[in-house]
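S.K.: Copying in the features that TrEMBL gives for the protein in this structure:
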TRANSMEM  B:43-66  transmembrane segment
TRANSMEM  B:86-106  transmembrane segment
TRANSMEM  B:118-137  transmembrane segment
TRANSMEM  B:165-188  transmembrane segment
TRANSMEM  B:227-246  transmembrane segment
TRANSMEM  B:266-286  transmembrane segment
TRANSMEM  B:307-328  transmembrane segment
TRANSMEM  B:348-365  transmembrane segment
TRANSMEM  B:377-398  transmembrane segment
TRANSMEM  B:418-439  transmembrane segment
Amino acid sequence: MSEVHAAQAPEANVAKLGPAGLLIGVPLLGVSIGLMYLAPDQRVEMAQSYLFGWVFWAALTLGCFGLTLLHHTVRGSWGLSILRMLEAGGGPRALSLMALLFLPVVGMYGVLYPWADKARVAADTILQHKSGWINPQMVTGRTFVLFAIWALAAAWLRRSSARQDESGDETEAQKRTNFAAPGIVFFVITVTLAVTDWVMSLDAHWYSTMFGPLFVVGPALGALALCTLIVCVNADKSPFNQIMSLSLTKDLGNMLFTLNLFWAYFNFSQFIIYWNGNLPTPAGYYFHRSADGWNFIGGFLIVFQFLVPFFALMTPRIKASPRALAWVCGWLILMRFLDVYYIVTPMYRTTGPMVHWQDIVALLGVGGIWLAAFGSQVKGASVYPVHDMRLMEAVEHA
Amino acid sequence: MMADKEGLGGHDPLIGGQQTFQSLDNTIASVVQDQKRHSNKPWMATTFIAFIFVNILMVSVGWLVYQGIGIWGNNVPAGWAFDIINFVWWIGIGHAGTLISAILLLLRQQWRNSINRFSEAMTIFAVMCAAMFPLFHTGRPWVAFYWLLPYPNIMGVWPQFRSPLIWDVFAVSTYFTVSLVFWLVGLVPDFGTLRDRAEKVAMKRFWAILAMGWRGSQKHWHRYEQAYLILAGISTPLVLSVHSIVSLDFAVSIVPGWNTAVFPPYFVAGAVFAGFAMVLLLAIPIRAIYGLKDLITMRHIDWCAKIMLTTGLIVFFGYMLEVYYGWYSGEIPETRVMLWRFFGPYKYLYWLLILCNGVIPQLMWSPKARRHIPTVWFVCLVVSLGMWLERFVIIPMSLTINYLPASDRMYYPTLWDFGMFTGTIGFFVFMMFLFVRFLPTINMFEMKDLLHTLSHGKARKVAVGAKGGR
């Protein structure tokens, strides 16, 4: 039955995203880096835009990697259809690439981060207090060491999964679980440290214990939305048409619903505590985002990142239709851009929310190269794991 | 219809032994209907000891009402101490019941069927214990409702709606009401079974009144399932909201160590952590005393232990965040609180907390340890202690150190603090053992439904083989 479907349906080619991404990414990334290093009047603006673009794609990469670890830990059947996409998005190539693309940020520490400005550190006791831990050498070292560990872990998981595809050896799955369960603990801790370095430290004084959890859940939502989008858009194409079922789209929809709910819960918790506490340093985060139009973006996110997908994903009809679910996923990805923009940009732009052309160039430049890495990693293996009996049962019943 | 002990794939079964619908009814209902099953010493001994503590509770409350809350160790600045620690501890313990009965139902996790009734009862009694503390902390509980509930009055005085303390009143009362209704609705079909099994006319009538005319018709089942799902839907957000609101009691204030954004999810994880520990702490001896090992199997214990490990790790992560950002903030009051916890006069309690909640629960990584009953029980005991210590660290330990060192003052509990706390433990255990004695501890019809599902191979992956039919 499945062979008949496969023979008749057009073939999905996820890997074709790679060349398209390269075509867009290479020139735009070249422009971004060129402007940062060769055009002094554009340097600050471009470096800020580049950091925003890099943070978005790095977070998405970590979201994919985190979900891969989660899948191997709990072995939920919801993850099987998107596992190869998660492995590509959070795989060794994407992680190594994001480490490489951090290099332009290293050269721009001085224009981005207060802790890299010696004069500011000398005048600020809090920056001095942190200077042993948050300084150019330590941040750079931590970033590259963490990316190296994440990439090695991702490579090992992917190789193990591929080995099982070939040999059918069930012990590989157990090995991955044994590795991924403590791995996810390590992942959450290290992501918290990393985003504190990359994003939180853009503000010399502000801090939040929720920042790490927010950067675990938000990017995971984006990663799941991207992978679900790919599966749903190709729902009638081979080989995805063999695994599509009502229960699959429902499971993916429920998982998106849960992550979206956690995203809102974490954000609401942070907001209500800092607003009610009304202390200058913690509440400063919302002070900067409560004027010049940022409040409009915040309100927009509440309605369109949380409430609209919340009700959409509560609707059984939407979760039953790959096409409808694909629209929700596409919308969620757009909202993820906006959310990262809302978190990162006001840290250094005191004017209202205005999309600068440099933001678009950097986002597409880094994103294009990211898609190239994603496409090339997808090409290296079957589109979904063939080793898991549950997926095979779905294929047999298709 | 039988289920075999050996499961597929070598896992522990969800239902052990050679079970039939009849045998399930017999095993569970006889605990309620057969006096001889309670002639064993453990039930009598535990209930008696618990009753002694109930008396201690009554004496403590009586003296408190007579003398006022000055008999407690609370002072200024530690205006919240044992009372609020115990409130948060008990509320947290209730959360496992709601998670098991509502969330796991919506997630179609049938392994909950053996432990949901028991956990729901635990929730209700835990919330009762919790509610006592803030109520008596008001000093005049007989007029507390006038202060806590918003009602139109000629003075035009309303509670402060911006205060989480008022949100707490609504959260806890909603939680108790919904949990109670959920529990009672779930009991109705089993009351029908008990009515049908009762031999004496008086008992038949008693169970018939409770069964509210339940006949088990298709229409009854249809309505029951709809009502149960709706109640599960209402209960699910309560798992997150109740303890989040409890955490806001602290987090929205500006006490150093309290104004921390991660408090809501960290409190919820802690609640589930403590709740599962208490479920196992009580379920393990009860399954042994009443021969329920075939219904609450090693698989249940293993999964509860895994949930405990996961939530425990989230809690431990919360401790790390507090320390890291306490230092990162560079703010002297935040750093002072951290140093006070590490090296201050209460340091032994802090490090004991780390041992109880951070170190010892890591034993649960080992599958062998998760299947070794004494180890699991020991870890649960340690976690229960650890979660109480956590609230001690958060509440009086943070309050005793302030922005102005001149305001710092030590806190010491009095015997009455311990009396009321141990009294509520006695009340909780007493009520749980009365529940075990007078109501079906395990959901009979859900177990039969599970047996039916397993025996018909609808859940091939779960570990009960289907070998025959009736």
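Quick reminder: no glycine exception, Cβ is built from N, Cα and C everywhere.
Just so it is clear, the model here is predicted, and its values are computed rather than measured.
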S.K.: Can you work out which residues elsewhere in the same chain, 6+ from the ends of the transmembrane segment (B:43-66), have a Cβ less than 8 Å from its Cβ atoms?
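M.R.: Contacts with the transmembrane segment (B:43-66): 72, 132, 136, 141, 289, 416, 419-420, 422-427, 429-430, 433-434, 436-437.
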S.K.: Would you say the transmembrane segment (B:165-188) and the transmembrane segment (B:307-328) are in contact under the rule of three or more C-beta pairs closer than 8 Å, pairs 6 or more apart in sequence?
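M.R.: No; fewer than 3 Cβ pairs under 8 Å.
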S.K.: Do at least three C-beta pairs under 8 angstroms join the transmembrane segment (B:227-246) to the transmembrane segment (B:348-365), pairs 6 or more apart in sequence?
M.R.: no
S.K.: Per the definition of 3+ C-beta pairs under 8 A with sequence separation of 6 or more, do the transmembrane segment (B:418-439) and the transmembrane segment (B:118-137) touch?
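M.R.: Yes, the transmembrane segment (B:418-439) contacts the transmembrane segment (B:118-137).
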S.K.: Thinking of Cβ pairs under 8 Å, which stretch from B:118-137, B:165-188, B:377-398 has the most of them with the transmembrane segment (B:348-365)?
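M.R.: Selected stretch: B:377-398, with the most Cβ pairs under 8 Å.
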